[in-house]
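This report concerns only the one structure given below.
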Amino acid sequence: MSNDDGIETDCTMPENPEIRRLADWDDERLRRLVSEYASPLYVLDLHRVRENYRRLAAAFPDADVHYAAKANTARPVLRTVHSEGAGIECASAGETVRALDAGVPSERVQYTAVNPPTEDLDIVVGRWAEGDSDLTITIGAMDTLDRLEDRGYDGRLCVRVNPGVGAGHHEKVATGADAKFGVPYARAGEALAEADDRGFDVVGIHAHAGSGISGEDLDSHRELVSRMGDLARSAPVDLEFVDVGGGFGVPYREDEDPLDLDAVAEATREALGEVDATLVVEPGRYLVADAGVLLTDVNTVKETPDGRVIGVDAGMTTLLRPAMYDAYHPIRNVAPDAGDRPALAQTVTGPICESADVFCTDRSIAECRRGDALAIGNAGAYGYEMASQYNSRPRPATVVLSGEEEAVARRRETIADVTRLEREVEWL
Ligand SMILES: Cc1ncc(COP(=O)(O)O)c(C=O)c1O
Ligand SMILES: N[C@@H](CCCC[NH3+])C(=O)O
């Protein structure tokens, strides 16, 4: 079955497990993919994205789901979640353009403006004026209204509120109590009234606590949602939606349990109370994290006084999360005979000239030898998106899968791509 865009919508896999562990991937296929498309390589299973979407949508049957594109902006991902029914939440003009150009209609696109650069407003308002007239702009500061007015924008507007409640897997990803994000809660009613008076089409309120919320963060989530419910009931304008953000966490460690989504959904409904507006949730990571694997070749093995150090060709420029948040990602040796080798304490490091370029330290992994491929799990969210060209390293390719189908969704960069912006400085 396919929808109007010719996108496959029939998900035939009968089971819908809440977790896809790294060990559930087919090692033989991963080995073949990395030898065919070269290393390092992101692999993304669109079928798994669909499963994740369906599980989440089933837990929140009355809610509208807006996929937070920042987790993974690959066009097939945007199309897949849109074909399942998701709107797209965009953090920049670039993401907004990606969503619209992927064929997502403007009424399903929401641009969340955080300290919006001039170019972002020019581009997004430009698209709105040129026909994408049903997109929604979410403001997080009152002076963004002036800047929108200056550009003639009087379209759909949402006000992001700072709920004063933060949560997440690391202090660097808690946004809910960070003054940078949103209009202070106490001034939100005023902000809505002012936006309405000034002629904007005020349609919603928004808040987001942070990213990687676990069961332990449920009280913070409840508090945020309850505040948003109160605000919706006292709002000086009729609202179409109340967006309580995303942030739903996924298990990264092999022994971690999945988030109890039904408990989160129930807490959300209870805390929100009766509101005359649609609940919106805005997940990114939950939909794509375990749909992605990063494959990387072992090129160096050395025994050192500090232990066995393995060098691979992916680094912090390929997957930044371990270096930035000390994030744990499962790692598996997918060599054909890995199961027969001893598990050794090994430190896996990349090729970047930074001592933070480490994927794991003294981790028990089947003995790595030069030429093996390692799979790094849960790499579908904030993996490729946070990749950089530091050390003039080209970014890797992304191959998408769906059942037996596979295709390159993003080609590998070359050194020519990395250097193509250089200009001759004539006076040198
Ligand atoms: C405004 C907003 N919405 C949604 C998300 C999605 O978060 P996650 O990928 O944790 O679901 C984020 C990221 O933290 C965000 O900043
Ligand atoms: N980049 C973060 C999530 C931040 C989400 C954006 N506010 C991570 O990898 O966990």
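Cβ from N, Cα, C; glycine included.
Features as listed in TrEMBL:
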ACT_SITE  Cys353  active site, proton donor
BINDING   Gly247, Glu282, Pro283, Gly284, Arg285, Tyr382  pyridoxal 5'-phosphate binding site
BINDING   Arg285, Arg321, Tyr325, Glu354, Tyr382  substrate binding site
DOMAIN    47-289  domain 'Orn/DAP/Arg decarboxylase 2 N-terminal'
MOD_RES   Lys70  N6-(pyridoxal phosphate)lysine
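Feature map: TrEMBL annotations on the structure.
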| residue | record | Cβ contacts under 8 Å, 6 or more apart |
| --- | --- | --- |
| Lys70 | N6-(pyridoxal phosphate)lysine | Cys90, Ala91, Glu95, Gly284, Tyr382, Glu385 |
| Gly247 | pyridoxal 5'-phosphate binding site | Ala167, Gly168, His208, Ala209, Gly210, Ser211, Gly212, Ile213, His221, Pro283, Arg285 |
| Glu282 | pyridoxal 5'-phosphate binding site | Val65, His66, Tyr67, Ala68, Glu89, His208, Asp243, Val244, Gly245, Gly246 |
| Arg321 | substrate binding site | Ala327, His329, Tyr382, Gly383, Met386 |
| Tyr325 | substrate binding site | His169, His170, Lys172, Val173 |
| Cys353 | active site, proton donor | Asn391 |
| Glu354 | substrate binding site | Met316, Ala323 |
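Around the Cβ of Gly284 (pyridoxal 5'-phosphate binding site), 23 further Cβ atoms fall within 10 Å across all displayed protein chains.
Within the set Gly247, Glu282, Pro283, Gly284, Arg285, Tyr382 that the record links to pyridoxal 5'-phosphate, no two Cα atoms are more than 15 Å apart, and one pair reaches that distance. In the three-state DSSP reading, Gly247 (pyridoxal 5'-phosphate binding site) counts as coil. Contact annotation for binding-site residues (Pro283, Arg285, Arg321, Tyr325) versus ligand 1: Pro283, Arg285, each with CB under 6 Å from a ligand atom. Taking a Cβ distance under 6 Å to any atom of ligand 2 as the criterion, the recorded positions Gly247, Glu282, Pro283, Arg285, Cys353, Glu354 reduce to none. One way to see the shell of the pyridoxal 5'-phosphate site is to take the Cβ centroid of Gly247, Glu282, Pro283, Gly284, Arg285, Tyr382; the remaining same-chain residues with a Cβ within 8 Å of it are Ala68, Lys70, Ala71, Ser211, Gly246, Phe248, Tyr286, Leu287, Ala381. Averaged over the domain 'Orn/DAP/Arg decarboxylase 2 N-terminal' (47-289), the predicted model has a pLDDT of 95.
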